[in-house]
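K.L.:
Residues annotated as transmembrane segment in TrEMBL: B:12-34, B:54-79, B:86-110, B:122-145, B:157-179.
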């Protein structure tokens, strides 16, 4: 049977507000930690955007190298990064960072 | 396939696009010389029968492309919220002119004209046959501008239309004043 790859839900399916983590579990000893935890900023990005950020870090921030690896043009990759930056700024505005 | 035809700049831009665009522009100017097709404007093609030296065809292409690059660069400097590179604008706009080679080739099939200024059935036939080519060029030029300056949506379309009109007027004026000087 094909395994379904689950992705972390980022917003409430009912009201679209950002979701928080209320429970964390250790699979080794079955301990559960409960509370209200903010998701890290990068974890709020979509899976594709997060992968792009990881690739960007792995290439030491070289967009030229990323463009080569992805087979895309430099401005396409640059635009993708600019869109992610805009998305991060939007997330920062939406969440109240203490 | 569609992406390569309508959005090739997703894959190619910058220096590579500029080099490929220049080579195609050079070939287009040679074909235009033999088929007597003038690309005398940012997005213009006219058929003519007057004898004109080769360098005029090359200059027309370069002026048309140069005006479009400068107009798009100015528009990007005014409206783009993120950084952009001149080489991307220049390269993608050079490659966006590639379909003009088709227009120059189509003109070989047109019979010789007696009066180059008259709007006769031949001119209308040429315009109708070339229409899809020019729609294609417009789509490519818009994509070149949109990707190079990271501008999208209705705002980008309006800015592009105004930019194209400015480039058209400036290129027409430049050609009107410089080309006769070169010929004299």
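Just so you know, glycine gets a Cβ as well, placed from its N, Cα and C.
For each feature listed, report its degree of burial, its nearest neighbours and the pertinent distances within the displayed model.
P.N.:
Here the transmembrane segment (B:122-145) has Cβ contacts under 8 Å with residues 5-9, 43, 45, 47, 68, 72, 75-76, 89, 92-93, 95-100, 102-103, 106-107, 110-111, 113, 151, 156-157, 159-160, 163-164 of the same chain, all six or more residues outside its ends.
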K.L.:
Of the listed stretches B:12-34, B:86-110, B:157-179, which one has the most C-beta pairs under 8 A with the transmembrane segment (B:54-79)?
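P.N.:
It is B:157-179 that shares the most Cβ pairs under 8 Å with the transmembrane segment (B:54-79).
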